[in-house]
Amino acid sequence: MLNNAMSVVILAAGKGTRMYSDLPKVLHTLAGKAMVQHVIDAANELGAAHVHLVYGHGGDLLKQALKDDNLNWVLQTEQLGTGHAMQQAAPFFADDEDILMLYGDVPLISVETLQRLRDAKPQGGIGLLTVKLDDPTGYGRITRENGKVTGIVEHKDATDEQRQIQEINTGILIANGADMKRWLAKLTNNNAQGEYYITDIIALAYQEGREIVAVHPQRLSEVEGVNNRLQLSRLERVYQSEQAEKLLLAGVMLRDPARFDLRGTLTHGRDVEIDTNVIIEGNVTLGHRVKIGTGCVIKNSVIGDDCEISPYTVVEDANLAAACTIGPFARLRPGAELLEGAHVGNFVEMKKARLGKGSKAGHLTYLGDAEIGDNVNIGAGTITCNYDGANKFKTIIGDDVFVGSDTQLVAPVTVGKGATIAAGTTVTRNVGENALAISRVPQTQKEGWRRPVKKK
(Lines of atoms letter the chains of each structure in order from A and count residues from 1; the text may use other names and numbers.)
(Lines give C-alpha, C1' and ligand atoms only; values in the text may rest on other atoms or scores of the structure.)
Protein backbone atom coordinates (compact mmCIF):
# COMPACT_ATOMS: atom_id res chain seq x y z
CA MET A 1 0.00 0.00 0.00
CA LEU A 2 1.30 3.43 -0.94
CA ASN A 3 1.45 5.68 2.12
CA ASN A 4 0.81 9.41 2.12
CA ALA A 5 3.39 11.79 3.51
CA MET A 6 3.26 11.65 7.29
CA SER A 7 4.12 13.80 10.27
CA VAL A 8 4.21 12.72 13.89
CA VAL A 9 2.97 14.47 17.02
CA ILE A 10 4.58 13.36 20.30
CA LEU A 11 2.82 14.41 23.48
CA ALA A 12 5.43 15.20 26.14
CA ALA A 13 3.95 17.99 28.26
CA GLY A 14 3.19 16.05 31.42
CA LYS A 15 5.00 16.85 34.66
CA GLY A 16 5.28 13.27 35.87
CA THR A 17 4.38 13.96 39.49
CA ARG A 18 4.57 10.29 40.46
CA MET A 19 8.21 10.13 39.39
CA TYR A 20 9.07 12.41 42.36
CA SER A 21 11.75 14.08 40.28
CA ASP A 22 12.86 17.51 39.11
CA LEU A 23 13.47 15.97 35.68
CA PRO A 24 10.59 15.93 33.18
CA LYS A 25 9.13 12.44 33.07
CA VAL A 26 9.93 11.82 29.42
CA LEU A 27 13.64 12.51 30.03
CA HIS A 28 14.00 9.60 32.43
CA THR A 29 16.05 6.96 30.69
CA LEU A 30 15.34 3.46 29.47
CA ALA A 31 18.34 1.50 28.23
CA GLY A 32 20.51 4.58 28.65
CA LYS A 33 18.33 6.81 26.47
CA ALA A 34 15.54 9.23 27.36
CA MET A 35 12.10 7.67 26.93
CA VAL A 36 11.03 10.39 24.53
CA GLN A 37 14.18 9.85 22.45
CA HIS A 38 13.09 6.25 21.83
CA VAL A 39 9.82 7.62 20.44
CA ILE A 40 11.56 10.29 18.35
CA ASP A 41 13.87 7.65 16.90
CA ALA A 42 10.88 5.48 15.96
CA ALA A 43 9.21 8.45 14.26
CA ASN A 44 12.32 9.26 12.27
CA GLU A 45 12.85 5.64 11.28
CA LEU A 46 9.26 5.56 10.10
CA GLY A 47 10.06 8.42 7.73
CA ALA A 48 8.20 11.28 9.39
CA ALA A 49 8.39 14.50 7.40
CA HIS A 50 8.06 16.49 10.62
CA VAL A 51 8.06 15.60 14.30
CA HIS A 52 5.99 17.98 16.44
CA LEU A 53 6.91 17.71 20.13
CA VAL A 54 4.22 19.10 22.41
CA TYR A 55 5.91 20.18 25.64
CA GLY A 56 5.05 22.06 28.80
CA HIS A 57 6.79 21.18 32.05
CA GLY A 58 10.58 21.42 31.96
CA GLY A 59 10.84 22.85 28.47
CA ASP A 60 14.36 24.19 28.97
CA LEU A 61 15.60 20.79 30.15
CA LEU A 62 13.93 19.10 27.20
CA LYS A 63 15.56 21.45 24.71
CA GLN A 64 18.96 20.92 26.31
CA ALA A 65 18.61 17.14 26.12
CA LEU A 66 17.01 16.76 22.69
CA LYS A 67 19.13 18.11 19.85
CA ASP A 68 17.19 16.66 16.91
CA ASP A 69 16.96 19.34 14.20
CA ASN A 70 13.82 17.65 12.87
CA LEU A 71 11.84 18.59 15.99
CA ASN A 72 9.18 21.29 15.89
CA TRP A 73 8.66 22.51 19.44
CA VAL A 74 5.00 23.15 20.32
CA LEU A 75 4.24 24.72 23.70
CA GLN A 76 1.18 23.62 25.68
CA THR A 77 0.98 26.19 28.48
CA GLU A 78 -1.93 24.44 30.23
CA GLN A 79 -2.39 20.69 30.31
CA LEU A 80 -6.09 20.41 29.43
CA GLY A 81 -6.09 16.94 27.93
CA THR A 82 -4.80 15.06 24.91
CA GLY A 83 -7.21 16.80 22.57
CA HIS A 84 -6.02 20.19 23.78
CA ALA A 85 -2.41 19.10 23.22
CA MET A 86 -3.20 18.11 19.65
CA GLN A 87 -4.99 21.41 19.09
CA GLN A 88 -1.73 23.23 19.84
CA ALA A 89 0.02 21.27 17.10
CA ALA A 90 -2.85 21.43 14.58
CA PRO A 91 -1.73 24.70 12.87
CA PHE A 92 1.34 22.84 11.64
CA PHE A 93 -0.61 20.01 9.95
CA ALA A 94 -0.73 19.87 6.17
CA ASP A 95 -4.11 18.92 4.73
CA ASP A 96 -2.71 16.22 2.48
CA GLU A 97 -0.51 14.43 5.02
CA ASP A 98 -1.28 11.80 7.62
CA ILE A 99 -0.83 12.68 11.28
CA LEU A 100 0.40 9.98 13.66
CA MET A 101 -0.06 10.62 17.38
CA LEU A 102 2.46 9.14 19.83
CA TYR A 103 3.42 9.59 23.48
CA GLY A 104 6.77 10.49 25.01
CA ASP A 105 6.22 8.14 27.95
CA VAL A 106 5.45 5.06 25.82
CA PRO A 107 9.04 4.23 24.87
CA LEU A 108 8.84 0.69 23.48
CA ILE A 109 6.49 1.28 20.57
CA SER A 110 7.99 -0.49 17.56
CA VAL A 111 8.43 0.78 14.04
CA GLU A 112 6.93 -2.48 12.76
CA THR A 113 3.68 -1.95 14.67
CA LEU A 114 3.46 1.68 13.61
CA GLN A 115 4.00 0.73 9.98
CA ARG A 116 1.17 -1.81 10.19
CA LEU A 117 -1.06 0.88 11.68
CA ARG A 118 -0.09 3.28 8.93
CA ASP A 119 -0.78 0.68 6.25
CA ALA A 120 -4.16 -0.19 7.79
CA LYS A 121 -5.49 3.37 7.97
CA PRO A 122 -8.46 3.60 5.60
CA GLN A 123 -8.75 6.45 3.14
CA GLY A 124 -10.50 9.30 4.94
CA GLY A 125 -10.72 7.28 8.15
CA ILE A 126 -8.72 6.56 11.28
CA GLY A 127 -6.21 3.89 12.18
CA LEU A 128 -6.40 3.08 15.88
CA LEU A 129 -4.05 0.99 18.01
CA THR A 130 -5.95 -1.07 20.60
CA VAL A 131 -5.31 -3.99 22.96
CA LYS A 132 -7.44 -6.35 25.03
CA LEU A 133 -6.75 -6.54 28.77
CA ASP A 134 -8.02 -8.94 31.41
CA ASP A 135 -8.33 -5.95 33.73
CA PRO A 136 -9.04 -2.78 31.73
CA THR A 137 -9.75 -0.63 34.79
CA GLY A 138 -8.77 2.98 34.22
CA TYR A 139 -8.52 2.79 30.44
CA GLY A 140 -10.77 4.16 27.71
CA ARG A 141 -13.01 1.43 26.26
CA ILE A 142 -13.50 0.77 22.55
CA THR A 143 -17.20 0.72 21.65
CA ARG A 144 -18.38 -1.21 18.63
CA GLU A 145 -21.57 -1.86 16.67
CA ASN A 146 -21.70 -4.96 14.50
CA GLY A 147 -17.95 -5.28 14.90
CA LYS A 148 -17.20 -1.75 13.72
CA VAL A 149 -15.50 0.78 15.98
CA THR A 150 -17.92 3.56 16.92
CA GLY A 151 -16.08 5.44 19.63
CA ILE A 152 -13.98 5.48 22.79
CA VAL A 153 -15.41 6.04 26.26
CA GLU A 154 -13.05 7.09 29.05
CA HIS A 155 -13.29 4.95 32.18
CA LYS A 156 -14.63 7.76 34.37
CA ASP A 157 -17.38 8.49 31.84
CA ALA A 158 -18.25 4.85 31.07
CA THR A 159 -21.43 3.07 32.14
CA ASP A 160 -21.26 -0.16 34.10
CA GLU A 161 -21.97 -2.06 30.89
CA GLN A 162 -19.23 -0.26 28.98
CA ARG A 163 -16.76 -0.96 31.77
CA GLN A 164 -17.13 -4.67 31.02
CA ILE A 165 -15.48 -4.09 27.62
CA GLN A 166 -11.93 -5.48 27.57
CA GLU A 167 -10.68 -3.78 24.39
CA ILE A 168 -9.01 -0.53 25.36
CA ASN A 169 -7.53 2.48 23.65
CA THR A 170 -3.73 2.83 23.65
CA GLY A 171 -3.94 6.47 22.61
CA ILE A 172 -1.96 5.90 19.42
CA LEU A 173 -3.81 6.76 16.23
CA ILE A 174 -3.35 8.08 12.71
CA ALA A 175 -5.62 10.22 10.52
CA ASN A 176 -5.50 12.66 7.63
CA GLY A 177 -4.32 16.18 8.47
CA ALA A 178 -7.38 18.02 7.14
CA ASP A 179 -9.74 15.62 8.90
CA MET A 180 -7.76 15.84 12.12
CA LYS A 181 -7.94 19.64 12.16
CA ARG A 182 -11.68 19.61 11.51
CA TRP A 183 -12.37 17.08 14.27
CA LEU A 184 -10.08 18.82 16.76
CA ALA A 185 -12.01 22.06 16.27
CA LYS A 186 -15.21 20.28 17.33
CA LEU A 187 -13.92 18.91 20.63
CA THR A 188 -15.58 19.94 23.89
CA ASN A 189 -14.65 19.40 27.53
CA ASN A 190 -18.08 18.22 28.65
CA ASN A 191 -16.85 15.25 30.69
CA ALA A 192 -15.97 14.23 34.24
CA GLN A 193 -12.41 15.52 33.92
CA GLY A 194 -13.26 18.79 32.24
CA GLU A 195 -10.63 18.03 29.58
CA TYR A 196 -10.50 17.85 25.80
CA TYR A 197 -10.11 14.20 24.83
CA ILE A 198 -8.50 13.26 21.52
CA THR A 199 -10.53 10.06 21.77
CA ASP A 200 -13.71 12.00 20.99
CA ILE A 201 -12.63 12.30 17.36
CA ILE A 202 -13.44 8.60 16.94
CA ALA A 203 -17.15 9.26 17.50
CA LEU A 204 -16.98 12.34 15.27
CA ALA A 205 -15.45 10.27 12.48
CA TYR A 206 -18.08 7.56 12.92
CA GLN A 207 -20.86 10.14 12.72
CA GLU A 208 -19.44 11.26 9.37
CA GLY A 209 -19.53 7.68 8.14
CA ARG A 210 -15.74 7.36 8.20
CA GLU A 211 -14.17 3.95 8.70
CA ILE A 212 -12.15 3.27 11.85
CA VAL A 213 -9.76 0.33 11.72
CA ALA A 214 -8.25 -1.13 14.89
CA VAL A 215 -4.78 -2.69 14.84
CA HIS A 216 -3.13 -4.58 17.70
CA PRO A 217 0.56 -4.30 18.66
CA GLN A 218 2.84 -7.32 18.52
CA ARG A 219 3.51 -7.10 22.26
CA LEU A 220 1.64 -5.45 25.10
CA SER A 221 4.86 -3.82 26.30
CA GLU A 222 4.90 -1.69 23.16
CA VAL A 223 1.98 0.38 24.40
CA GLU A 224 2.67 0.40 28.13
CA GLY A 225 3.16 3.91 29.49
CA VAL A 226 5.33 5.06 32.36
CA ASN A 227 3.93 7.04 35.28
CA ASN A 228 6.32 6.00 38.05
CA ARG A 229 9.75 4.50 38.53
CA LEU A 230 8.38 1.02 39.18
CA GLN A 231 6.74 0.96 35.76
CA LEU A 232 9.93 2.30 34.20
CA SER A 233 12.04 -0.40 35.84
CA ARG A 234 9.66 -3.10 34.60
CA LEU A 235 9.84 -1.81 31.03
CA GLU A 236 13.63 -1.69 31.34
CA ARG A 237 13.66 -5.41 32.15
CA VAL A 238 11.26 -6.15 29.29
CA TYR A 239 13.50 -4.28 26.88
CA GLN A 240 16.68 -5.92 28.16
CA SER A 241 15.11 -9.37 27.97
CA GLU A 242 14.18 -8.75 24.34
CA GLN A 243 17.69 -7.55 23.47
CA ALA A 244 19.30 -10.51 25.23
CA GLU A 245 17.04 -12.92 23.38
CA LYS A 246 18.01 -11.40 20.03
CA LEU A 247 21.72 -11.68 20.87
CA LEU A 248 21.42 -15.29 22.02
CA LEU A 249 19.59 -16.26 18.85
CA ALA A 250 22.30 -14.46 16.84
CA GLY A 251 25.03 -16.58 18.43
CA VAL A 252 26.26 -14.46 21.35
CA MET A 253 26.74 -16.50 24.54
CA LEU A 254 25.26 -14.57 27.45
CA ARG A 255 26.01 -16.54 30.60
CA ASP A 256 22.95 -15.09 32.31
CA PRO A 257 20.62 -13.08 30.06
CA ALA A 258 18.88 -11.59 33.12
CA ARG A 259 22.16 -9.99 34.19
CA PHE A 260 23.11 -8.24 30.96
CA ASP A 261 22.30 -4.67 29.93
CA LEU A 262 22.48 -3.25 26.42
CA ARG A 263 22.23 0.54 26.42
CA GLY A 264 23.03 1.19 22.80
CA THR A 265 23.98 -0.86 19.74
CA LEU A 266 26.11 -4.00 19.76
CA THR A 267 27.73 -5.32 16.58
CA HIS A 268 29.39 -8.69 17.07
CA GLY A 269 31.28 -11.50 15.42
CA ARG A 270 31.02 -15.24 16.01
CA ASP A 271 31.58 -17.12 19.27
CA VAL A 272 31.43 -14.06 21.51
CA GLU A 273 31.11 -14.87 25.22
CA ILE A 274 29.76 -12.37 27.76
CA ASP A 275 29.68 -13.15 31.47
CA THR A 276 27.26 -11.76 34.05
CA ASN A 277 26.60 -8.12 34.96
CA VAL A 278 28.16 -6.69 31.81
CA ILE A 279 26.92 -3.32 30.53
CA ILE A 280 27.25 -2.32 26.88
CA GLU A 281 26.74 1.41 26.20
CA GLY A 282 26.68 3.47 23.02
CA ASN A 283 28.02 1.89 19.84
CA VAL A 284 30.17 -1.15 20.56
CA THR A 285 31.76 -3.61 18.13
CA LEU A 286 33.03 -7.00 19.30
CA GLY A 287 35.09 -9.12 16.92
CA HIS A 288 35.15 -12.90 16.64
CA ARG A 289 35.83 -14.96 19.77
CA VAL A 290 35.86 -12.00 22.14
CA LYS A 291 35.46 -12.89 25.82
CA ILE A 292 34.18 -10.39 28.37
CA GLY A 293 34.36 -11.16 32.08
CA THR A 294 31.83 -10.36 34.76
CA GLY A 295 31.16 -6.78 35.82
CA CYS A 296 32.70 -5.07 32.78
CA VAL A 297 31.42 -1.84 31.22
CA ILE A 298 32.14 -1.31 27.51
CA LYS A 299 31.16 2.02 25.93
CA ASN A 300 31.61 3.33 22.37
CA SER A 301 34.55 1.02 21.67
CA VAL A 302 35.86 -1.42 19.09
CA ILE A 303 37.22 -4.72 20.41
CA GLY A 304 39.16 -6.84 17.91
CA ASP A 305 39.14 -10.58 17.30
CA ASP A 306 40.33 -12.89 20.10
CA CYS A 307 40.49 -10.16 22.73
CA GLU A 308 39.84 -11.07 26.34
CA ILE A 309 38.58 -8.53 28.86
CA SER A 310 38.86 -9.78 32.43
CA PRO A 311 36.36 -8.94 35.18
CA TYR A 312 35.53 -5.43 36.39
CA THR A 313 37.22 -3.59 33.56
CA VAL A 314 35.88 -0.30 32.14
CA VAL A 315 36.51 0.49 28.46
CA GLU A 316 35.29 3.80 27.03
CA ASP A 317 35.93 5.29 23.58
CA ALA A 318 38.82 2.90 23.06
CA ASN A 319 40.09 0.77 20.19
CA LEU A 320 41.62 -2.68 20.65
CA ALA A 321 43.29 -4.61 17.84
CA ALA A 322 43.27 -8.41 17.76
CA ALA A 323 44.40 -10.66 20.62
CA CYS A 324 44.66 -7.99 23.31
CA THR A 325 44.12 -8.83 26.97
CA ILE A 326 42.86 -6.39 29.57
CA GLY A 327 42.23 -6.48 33.29
CA PRO A 328 40.99 -7.39 35.74
CA PHE A 329 40.20 -3.97 37.20
CA ALA A 330 41.67 -2.02 34.29
CA ARG A 331 40.36 1.25 32.92
CA LEU A 332 40.69 2.42 29.33
CA ARG A 333 39.54 6.02 29.00
CA PRO A 334 38.76 7.94 25.79
CA GLY A 335 41.56 7.79 23.25
CA ALA A 336 43.13 4.58 24.49
CA GLU A 337 44.42 2.35 21.69
CA LEU A 338 45.96 -1.10 21.96
CA LEU A 339 47.71 -2.65 18.99
CA GLU A 340 47.77 -6.38 18.30
CA GLY A 341 48.65 -8.58 21.24
CA ALA A 342 49.05 -5.75 23.75
CA HIS A 343 48.34 -6.40 27.41
CA VAL A 344 46.95 -4.10 30.09
CA GLY A 345 46.76 -5.68 33.53
CA ASN A 346 45.11 -5.00 36.85
CA PHE A 347 44.78 -1.43 38.10
CA VAL A 348 46.21 0.06 34.92
CA GLU A 349 44.64 3.23 33.52
CA MET A 350 45.13 4.57 29.99
CA LYS A 351 43.93 7.85 28.53
CA LYS A 352 44.83 9.25 25.08
CA ALA A 353 47.56 6.66 24.91
CA ARG A 354 48.67 4.05 22.38
CA LEU A 355 50.24 0.76 23.44
CA GLY A 356 52.15 -0.95 20.63
CA LYS A 357 52.14 -4.54 19.38
CA GLY A 358 53.04 -7.05 22.05
CA SER A 359 53.65 -4.33 24.64
CA LYS A 360 52.65 -4.88 28.25
CA ALA A 361 51.62 -2.75 31.20
CA GLY A 362 50.90 -5.36 33.81
CA HIS A 363 50.15 -3.62 37.08
CA LEU A 364 49.33 -0.38 38.89
CA THR A 365 50.21 2.01 36.08
CA TYR A 366 48.95 5.29 34.61
CA LEU A 367 49.60 5.96 30.92
CA GLY A 368 48.19 9.31 29.80
CA ASP A 369 48.98 11.30 26.65
CA ALA A 370 51.53 8.67 25.67
CA GLU A 371 52.75 6.93 22.53
CA ILE A 372 54.36 3.58 23.33
CA GLY A 373 56.06 1.43 20.72
CA ASP A 374 56.12 -2.32 20.11
CA ASN A 375 57.42 -4.95 22.55
CA VAL A 376 57.71 -2.51 25.43
CA ASN A 377 57.55 -3.64 29.05
CA ILE A 378 56.02 -1.11 31.44
CA GLY A 379 56.88 -2.05 35.02
CA ALA A 380 54.51 -1.90 37.97
CA GLY A 381 53.84 1.55 39.38
CA THR A 382 54.93 3.46 36.28
CA ILE A 383 53.38 6.90 35.84
CA THR A 384 53.48 9.24 32.86
CA CYS A 385 53.41 12.65 34.53
CA ASN A 386 51.51 14.45 31.79
CA TYR A 387 50.08 17.49 33.59
CA ASP A 388 51.94 20.45 35.05
CA GLY A 389 48.88 22.02 36.62
CA ALA A 390 47.97 24.01 33.51
CA ASN A 391 48.79 22.01 30.36
CA LYS A 392 49.07 18.40 29.19
CA PHE A 393 52.28 17.04 27.64
CA LYS A 394 53.16 13.87 25.76
CA THR A 395 55.43 10.96 26.57
CA ILE A 396 56.96 8.98 23.68
CA ILE A 397 58.50 5.56 24.27
CA GLY A 398 60.19 3.74 21.38
CA ASP A 399 60.15 0.04 20.49
CA ASP A 400 61.78 -2.60 22.72
CA VAL A 401 62.07 -0.33 25.76
CA PHE A 402 62.15 -1.79 29.26
CA VAL A 403 60.67 0.48 31.92
CA GLY A 404 61.41 -0.66 35.46
CA SER A 405 58.94 -0.56 38.32
CA ASP A 406 58.09 2.68 40.11
CA THR A 407 59.24 4.89 37.24
CA GLN A 408 57.96 8.41 36.69
CA LEU A 409 58.25 9.91 33.22
CA VAL A 410 57.85 13.69 33.44
CA ALA A 411 56.46 14.86 30.10
CA PRO A 412 57.35 16.13 27.62
CA VAL A 413 59.93 13.38 27.30
CA THR A 414 61.09 10.81 24.73
CA VAL A 415 62.67 7.43 25.45
CA GLY A 416 64.63 6.02 22.51
CA LYS A 417 64.35 2.55 21.01
CA GLY A 418 65.86 -0.25 23.07
CA ALA A 419 66.49 1.90 26.14
CA THR A 420 66.24 0.62 29.71
CA ILE A 421 64.83 2.65 32.58
CA ALA A 422 65.99 1.39 35.94
CA ALA A 423 63.43 0.80 38.68
CA GLY A 424 62.66 3.84 40.80
CA THR A 425 63.86 6.33 38.19
CA THR A 426 62.35 9.75 37.60
CA VAL A 427 62.91 10.59 33.93
CA THR A 428 63.01 14.34 33.29
CA ARG A 429 65.18 14.41 30.14
CA ASN A 430 65.12 12.46 26.89
CA VAL A 431 66.76 9.02 26.97
CA GLY A 432 68.79 7.90 23.95
CA GLU A 433 68.48 4.62 22.08
CA ASN A 434 69.83 1.54 23.88
CA ALA A 435 70.84 3.68 26.89
CA LEU A 436 70.32 2.94 30.57
CA ALA A 437 68.63 5.70 32.57
CA ILE A 438 68.94 5.62 36.34
CA SER A 439 68.28 8.35 38.91
CA ARG A 440 68.40 6.72 42.31
CA VAL A 441 69.73 8.07 45.56
CA PRO A 442 72.87 5.98 46.26
CA GLN A 443 72.14 3.15 48.65
CA THR A 444 73.79 3.34 52.05
CA GLN A 445 74.01 0.68 54.73
CA LYS A 446 74.52 1.10 58.48
CA GLU A 447 75.76 -2.04 60.18
CA GLY A 448 74.28 -3.06 63.50
CA TRP A 449 71.34 -0.72 63.18
CA ARG A 450 68.95 -0.88 66.11
CA ARG A 451 65.31 0.03 65.71
CA PRO A 452 63.82 2.68 67.99
CA VAL A 453 61.79 1.39 70.92
CA LYS A 454 58.71 2.91 72.50
CA LYS A 455 59.26 4.96 75.61
CA LYS A 456 57.38 3.64 78.61
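Every residue, even glycine, has its Cβ placed from backbone N, Cα and C.
The shown structure was predicted, so the numbers you read here are calculated from the model rather than taken from an experiment.
Feature annotation from Swiss-Prot assigns region 'Pyrophosphorylase' to 1-229; the stated evidence is sequence analysis.
The Cβ of Asp105 (Mg(2+) binding site) has 24 neighbouring Cβ atoms from other residues within 10 Å, across all protein chains displayed. Secondary structure at Asp105 (Mg(2+) binding site), taken from DSSP and collapsed to helix, strand or coil, is coil. Residues annotated as UDP-N-acetyl-alpha-D-glucosamine binding site in Swiss-Prot, with sequence analysis given as evidence: 11-14, Lys25, Gln76, 81-82, 103-105, Gly140, Glu154, Asn169, Asn227, Arg333, Lys351, Tyr366, Asn377.
Residues or ranges marked as Mg(2+) binding site in Swiss-Prot: Asp105, Asn227. Annotation note: Asn227 (Mg(2+) binding site) sits in a coil segment as assigned by DSSP.
Residues 28, 30-31, 35, 107-108, 221, 224, 257-258, 260-262, 266, 268 of the same chain sit 6 or more residues outside the region 'Linker' (230-250) yet have a Cβ under 8 Å from a Cβ within it. Taken from Swiss-Prot, the feature region 'Linker' applies to 230-250.
Sequence annotations record features per position, and here Swiss-Prot assigns region 'N-acetyltransferase' to 251-456.
The 10 Å shell around the Cβ of His363 (active site, proton acceptor) contains 16 further Cβ atoms across the protein chains shown. Summarising the annotation, Swiss-Prot assigns active site, proton acceptor to His363 and lists sequence analysis as the type of evidence.
Taken from Swiss-Prot, the feature acetyl-CoA binding site applies to Ala380, Asn386, Tyr387, Ser405, Ala423, Arg440. Within its own chain, Arg440 (acetyl-CoA binding site) has Ala422, Gly424, Thr425 as residues 6 or more apart in sequence whose C-beta sits under 8 angstroms from its own. In the three-state DSSP assignment, the secondary structure recorded for Arg440 (acetyl-CoA binding site) is coil.
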Neighbours of His363 (active site, proton acceptor) among the binding-site residues Leu11, Gly14, Ala380, Tyr387 (Cα to Cα, within 10 Å): Ala380
Tyr387 (acetyl-CoA binding site) in three-state DSSP notation: strand
Binding-site residues near Leu11 (UDP-N-acetyl-alpha-D-glucosamine binding site) (Cα-Cα within 10 Å), from Asn227, Ala380, Tyr387, Ser405: none
Residue from Asn227, Ala380, Asn386, Tyr387, Ala423 whose C-alpha is spatially nearest that of Gly104 (UDP-N-acetyl-alpha-D-glucosamine binding site), among the binding-site residues: Asn227
Tyr387 (acetyl-CoA binding site), number of other Cβ atoms within 10 Å: 12
Cα separation, Tyr387 (acetyl-CoA binding site) to Asp105 (Mg(2+) binding site) (Å, whole number): 45
Candidate nearest Glu154 (UDP-N-acetyl-alpha-D-glucosamine binding site) in space, where candidates are the binding-site residues Asn227, Ala380, Asn386, Tyr387, Ala423 and distance is Cα-Cα: Asn227
Nearest-integer angstrom distance between the alpha carbons (Cα) of Gly14 (UDP-N-acetyl-alpha-D-glucosamine binding site) and Asn227 (Mg(2+) binding site): 10
